[in-house]
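**Student:** My structure is below; once you've seen it, I'll send some questions.
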Amino acid sequence: MIQLNEPLTHVRTKPILISLEFESPGRKTIDSVATESVLNSVVKINTFSSKPNICYPWQNKPQKKSKGSGFVIPGKMIITNAHVVANHILVLVIKRGSPKKYKAEVKAIGRECDLAILVIESKEFWEDMNPLELGDMPFLQESVNVIGYPTGGENISVTKGVVSRIESMDYAHGAINLPAIQTDAAMNPGNSGGPVCIGNKVVGVAFQTLGHSNNIGCLIPAPVVKHFITGVEKTGQYVGFCSLNLSYQHMDAQTRSHFKMNSEMTGILIYNINQHSDALNILKKYDVILSIDGVAIENDGTVIIPNRERTRLDDLVSLKQLGETILLKILREGKMHEFNITLRPVQRLVPAGQIDNNPSYYIFAGFVFVPLRKQHFKGSNGEQIVVISEVLADVINVEYYMYKHLKVNSVNKVKVENLKHLCELIEKCCTKDLRLELGDGRVIILDYQFAKSSTSLILERHRVPWAMSKDLMTDQSTTCSSTRLY
């Protein structure tokens, strides 16, 4: 059964909201009949994938095959969902009405927005393939067609419904809250990555359903897709979604009075600014944000867009491009101020459930060190939280066998900055004892030379080919005696 927000892969400074590209309610509605040209631009995607083993990062889990959908866009590219090609080994694309499979490469993948771009070298594939045009955010009750290759058959499927809701929601495959569209059109596993059209224009991409409800399918809106594509076209890679990187609270009448707001003012109260935010040296704790780019902020952190539904203030920021600025109107100690803030993408210490990247790890004396796989903000200096994910049993570590999932604070009293730094500190240790201080206060003491000589035997006994991941091996400054194959 598809659970709440589960992806649909088979087998599992202008005072307007520029980024959402809202049109006036007078826009002419095109009849939502799916034409042959649209259907021919929708493809079936077969993916062979293998997830990394989190506890044993040098291993992969058994291979599996899954099915999804995609569609052709200008530039000889194919749009699909990130979860359709996650951890891919091989991606094959099949055109409508054809048995031939074409090998595809993943050009870019955006986990947060659950989107990916595929490219195919074969000239034959692109014959008679017409790219689909991305439209705008639809309006409530507009009719839409969901097109793709869901479970239940091999031929293309078209289902019809209406736009039932537009609001921000958590993307199941990502780690961010973004605008989304809900529809009552039937959506099933395999629809993921397929276009949702009004006439010949794509207004969304199918990506997940609400499992504990009836007939609620979720779409990635065209403005989010455009943001993703624009970033890839400008930089050649996924650039992410911008954020002010600050925390705020709603304001009731008592709070507004305390912070000297008059009866006509509305806004939200900043209570924390991330140390890596571009706003750190501009905004202050307990500043009140009254508006963003001229759009008033309500006391509950929402904004009102003319002729549209109320939405979160974060949506005024998230779809801006890297390096754009926004104008903030601030109330500080009863006085009004205006500041321009340059926006940067949200950076995470380690994106939850990394995809398409071999996990980083380092093994010494049987202790398996990895970066924490949980959402955290990341500093420009590459700071990470390093934890012990597993202890490969040996006489040297038997007393520490239960010391798993614990943060490593320091090595020989030097604070650990990231996994690479921990590796360097251990490999270049020049003291008799190696001292590891953990996050809960416990300490690990190892005879360094004995531990170093034991590492080779431990790796061989546990059938581990390498003492560290390739990304650590490529660092020439790290001189590791245990990087050879055992």
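Here the Cβ of each residue, glycine as well, is placed from N, Cα and C on the backbone.
Summarising the annotation, Swiss-Prot assigns active site, charge relay system to H83, D114, S192. Residues annotated as domain 'PDZ' in Swiss-Prot: 241-334. According to Swiss-Prot, the feature region 'Serine protease' maps to 44-229.
I'd like these features described in context: how deep, what's nearby, how far apart.
**Tutor:** All protein chains included, H83 (active site, charge relay system) registers 30 other Cβ atoms within 10 Å of its own Cβ.
Just so you know, the Cβ of D114 (active site, charge relay system) picks up 29 other Cβ atoms within 10 Å once every protein chain is counted. Annotation note: D114 (active site, charge relay system) sits in a coil segment as assigned by DSSP.
Under the DSSP three-state reduction, S192 (active site, charge relay system) is assigned to coil, being neither helix nor strand.
Each residue in the domain 'PDZ' (241-334) has a pLDDT score, and their mean in this model is 91.
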**Student:** When a 10 Å sphere is centred on the Cβ of S192 (active site, charge relay system), how many other Cβ atoms does it contain?
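**Tutor:** Summing over all protein chains shown, S192 (active site, charge relay system) has 33 other Cβ atoms within 10 Å.
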**Student:** Indicate whether H83 (active site, charge relay system) is helix, strand or coil by DSSP.
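**Tutor:** Looking at the DSSP assignment, H83 (active site, charge relay system) belongs to a helix.
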**Student:** Take the C-alpha atoms of H83 (active site, charge relay system) and D114 (active site, charge relay system) and report the distance between them in angstrom, rounded.
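**Tutor:** H83 (active site, charge relay system) and D114 (active site, charge relay system) have their Cα atoms 6 Å apart.
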**Student:** On the DSSP side of things, how many residues of the domain 'PDZ' (241-334) fall into helix, strand and coil, could you say?
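**Tutor:** Within the domain 'PDZ' (241-334) the tally stands at 10 helix, 31 strand, 53 coil.
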